[in-house]
Amino acid sequence: MGAGLVASLLAGTATGLGALPVLVTSELSRKAQGPDVGLQRGRDAGGQSFSLVIPAMELVRGQGHDGPSAALRVAAGVLLGGLFLRVWHDLMPHEHALKGHEGHGGTKWNSALLFVLAMTLHNFPEGLAVGVSFAAPQPELGLSVALGIGAQNIPEGLVVALALRASGASASRAAFLALLTGMVEPVGALFGVLALSLSSALLPWGLAFAGGAMLYVISHEMIPESHRGGFEREATTGLMWGFVLALVLDMSLG
């Protein structure tokens with residue numbers, strides 16, 4: 001339990017580390033932001049596949065299920081994770097650079113606060129993934145997930161801080177709020193750890209749930225954001241490299 005929480009805290013802190021350059025610059029071209037966000041999403045997509053869904057399938061088989069029975073259990077976990085994020089997305093007020101205000105209420109809230117709330121939608125499932133993966137029998141699984149998420153949190157922190165600067169926040173406030181978005185990850189990890197404390201048999205469900213939640217965020221939020229400004233090719237190149245990074249981490253540590 002402790003290892004997962006500490007790892008998620010360190011991974012979340014990487015967001016603040018990535019935000020530090022905002023103290024000396026307030027601009028990053030959209031062309032550069034495309035591959036940056038694409039890299040993050042590629043790593044998420046790879047991590048969702050290699051470190052969450054595939055281990056969930058192996059664990060379900062280890063519990064004596066096979067064929068359609070195993071597939072249905074993992075599929076149900078993935079769909080439940082996506083549904084959880086969809087409901088949260090529809091209820092919580094937040095704001096995106098591309099799509100503007102979304103969620104229920106909060107239309108008069110400060111735009112910086114709404115943007116921070118939007119990032120909690122991204123970071124909660126990442127923390128959940130770290131917490132759940134550290135409960136797996138293979139200790140290297142949790143390390144792979146935490147390192148991958150921590151690595152992609154660094155450029156994400158810069159993108160978040162620059163967006164906050166563009167909305168009018170001071171450099172120090174932008175860096176602090178970017179760090180704050182990363183602190184949602186230990187909350188997600190705690191959520192996963194507490195759920196799994198009920199029964200170890202829930203582990204494959206937890207891995208699949210975290211994978212589904214991340215998949216929802218990748219498709220619904222981050223890929224559209226990375227394609228804004230007409231730099232789809234650069235964003236897709238970044239996504240491919242991020243996916244390869246996740247593959248290398250998983251195979252090197254596994």
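Counting begins at 1 with the first residue displayed.
Glycine is no exception: its Cβ is also placed from the backbone N, Cα and C atoms.
Tertiary neighbourhood of the transmembrane segment (4-24): same-chain residues 123, 126-127, 130-135, 142-143, 146, 149-151, 153-158, 160-162, 164-165, 171-172, 174-176, 178-179, 181-186, 188-190, 192-193, selected by CB-CB distance under 8 Å and a gap of 6+ residues from either end. According to Swiss-Prot, the transmembrane segment annotation covers 4-24 (among others), on the basis of sequence analysis.
According to Swiss-Prot, the transmembrane segment annotation covers 74-94 (among others), on the basis of sequence analysis.
Listed as Cβ neighbours of the transmembrane segment (112-132) (distance under 8 Å, sequence separation of 6 or more from its ends, same chain) are residues 4-5, 7-8, 11-12, 15, 44, 47-48, 51-52, 81, 85, 88-89, 92-97, 101-103, 106, 142, 145-146, 149, 153, 156, 160, 163-164, 167-169, 173, 177, 180-182, 184-193, 196, 203, 206-207, 209-211, 213-214, 216-217, 221-222. What Swiss-Prot records for 112-132 (among others) is transmembrane segment.
Neighbour density for Glu126 (Zn(2+) 2 binding site): within 10 A of its CB lie 33 other CB atoms from the protein chains shown. Annotated Zn(2+) 2 binding site per Swiss-Prot: Asn123, Glu126, Asn153, Glu156, Glu185, in sequence order, evidence recorded as similarity to another entry.
Feature annotation from Swiss-Prot assigns Zn(2+) 1 binding site to Glu126, Gln152, Glu156; the stated evidence is similarity to another entry.
Sequence annotations record features per position, and here Swiss-Prot assigns transmembrane segment to 143-163 (among others).
The feature transmembrane segment is assigned by Swiss-Prot to 176-196 (among others), with sequence analysis given as support. Outside the transmembrane segment (176-196) by six or more residues, the chain places 1, 4-5, 7-9, 11-16, 18-19, 22, 112, 116, 119-120, 122-132, 134-135, 149, 153, 157-158, 160-161, 164, 169, 202-203, 206, 210 with a CB less than 8 A from a CB of the stretch.
Taken from Swiss-Prot, the feature transmembrane segment applies to 198-218 (among others). Long-range Cβ contacts of the transmembrane segment (198-218) within its own chain (Cβ-Cβ under 8 Å, at least 6 residues beyond either end) map to 41, 44-45, 47-49, 52-53, 55-57, 59-60, 63, 73-86, 89, 121-122, 124-126, 128-129, 132-133, 135-136, 192.
The transmembrane segment annotation in Swiss-Prot covers 234-254 (among others) and is backed by sequence analysis.
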| remark: In three-state DSSP terms, Glu126 (Zn(2+) 2 binding site) is classed as helix
| query | What are the other residues, in sequence order, whose C-beta lies within 8 angstroms of the center of the C-beta atoms of Asn123, Glu126, Asn153, Glu156, Glu185 at the Zn(2+) 2 site? | reply | Ala11, Gly12, Ala14, Thr15, His122, Gly127, Ile149, Gln152, Thr181, Gly182, Val184
| field | For the binding-site residues Asn123, Asn153, the one whose C-beta sees the most other C-beta atoms within 10 angstroms | value | Asn153
| field | Residues near Glu185 (Zn(2+) 2 binding site) in space but at least six apart in sequence (CB under 8 A) | value | Ser8, Leu9, Ala11, Gly12, Asn123, Phe124, Glu126, Gly127, Val130, Ile149
| request: Please work out the number of neighbouring Cβ atoms within 10 Å of the Cβ of Glu156 (Zn(2+) 2 binding site), leaving out its own Cβ. | output: 30
